[in-house]
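Visitor: Pasting the relevant annotations from Swiss-Prot:
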- THR42, GLY43, GLY44, ASN159, ARG195, SER223, ILE277, GLN322: UDP-N-acetyl-alpha-D-glucosamine binding site (BINDING)
Amino acid sequence: MNMAPTLATACASLPPEGALAPRGGPSALMTHGTALIMAGGTGGHIFPGLALAHALRERGWRVHWLGGAGTASQPSMESQLVPPQGFAFESIDFSGVRGKGLGTLVRLPWRLLRACWQSVALLRRVQPDVVLGLGGYITLPAGLMSVLLGKALILHEQNSVAGMANKVLARFATRVFTAFPDVLPNGHWVGNPLRAAFLQVPDPATRFAGRAGPLKLLVLGGSLGARALNDIVPRALALLPPQARPIVTHQSGARQIDALRANYAGAGVQAELTPFIDDTAQAMAGADLVLCRAGASTVTEIAAVGAAALFVPFPSAVDDHQTSNARFLVDQGAGWLKPQSELSPEWLADMLQKTERIELMGRGLEAKKLQKLDATHKIVAACEEVVR
């Protein structure tokens, strides 16, 4: 497995699914519109946005990206990931308010007014034909100002519980798309935009044919890692007899790789440990079981691959949206859900020892039934409709 050294490798398998071909041969590469994509804060907003950005550019669009700049010591994720992909990166001075204290709330009206003023200047300079919002605090002021200036606003909500910005903007939007059903009153359920690699994986029955020996466990902590998983998984494995342990690949995030190595060494357990995984689609496909959080992109990718997953939602996620995301699959028999407060080394060791490969294949098949693969195509088509 090729392990990547930086966050940017998570974009390696772009362009996205559908890889919409330019229309009408060489002449179709002529620019026929300008899109401003608004997304930032987390990979759950950024990676679907990048999938759409590549698809639009392949169709001849100019693409600008609006995100947060972050700080000199801690730049935003989007400011690191987007420019290397060749898209013009713009930023305004605005940040989230949840959990920031009373002082931040008191200053919110002034900060929002300033961000709206900056957004107007940006929109007049870029002159987008379509403004495409994918959630995150940064989308609120620019989305409101795009409506005020008469721009077409298209939204995509990645989670099963809509964020504040999309809840506000949805009532003014030209079109609204969602990754899960019944999220917004006027939303069209299309799934999440996916990178191409997730569409090139054999189905679960083909992958599991002929598999034997120890189970293969893939632990995904995400770009920032999941400390609870990093602590509990090595201890759970240590409770199993060596011959009953699965073959483990554990991805921790760069900040926690040293602590993870110490945890496994202390438990006396062997595993493949890495801060990042270059090809997540192939890693999921090669595993019998995936142990992970339940961010929107992860849940969508699990369904696209048809992988059996044990979801441990991040307990501090806004509106507990990760639990809701996971239930979309789990309620259909496509995985397991275990709250972090209930996850213990003893429970996990027992689960790993009792679970058979045939059951894991079945869970993967159920997940595959819930895949939605044409989100990029439908959203790009909507962008093109509004400029005709």
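Including glycine, each Cβ sits where the backbone N, Cα and C put it.
On a predicted model such as this, the values are computed, not experimentally measured, just so you know.
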Visitor: Going by DSSP, give the three-state secondary structure for GLY43 (UDP-N-acetyl-alpha-D-glucosamine binding site).
Guide: helix
Visitor: At a 10 Å cut-off from the C-beta of THR42 (UDP-N-acetyl-alpha-D-glucosamine binding site), count the other C-beta atoms across all protein chains.
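Guide: The answer is 19 other Cβ atoms.
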Visitor: According to DSSP, which of helix, strand or coil covers GLN322 (UDP-N-acetyl-alpha-D-glucosamine binding site)?
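Guide: In the DSSP reduction, GLN322 (UDP-N-acetyl-alpha-D-glucosamine binding site) maps to helix.
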Visitor: If you count, for each of the binding-site residues GLY43, GLY44, the other Cβ atoms lying within 10 Å of its Cβ, which residue has the minimum?
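Guide: Among the binding-site residues GLY43, GLY44, the lowest count of other Cβ atoms within 10 Å belongs to GLY43.
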Visitor: DSSP three-state call for ARG195 (UDP-N-acetyl-alpha-D-glucosamine binding site): helix, strand or coil?
Guide: strand
Visitor: Including all protein chains shown, what's the count of other C-beta atoms within 10 A of the C-beta of ASN159 (UDP-N-acetyl-alpha-D-glucosamine binding site)?
Guide: 27
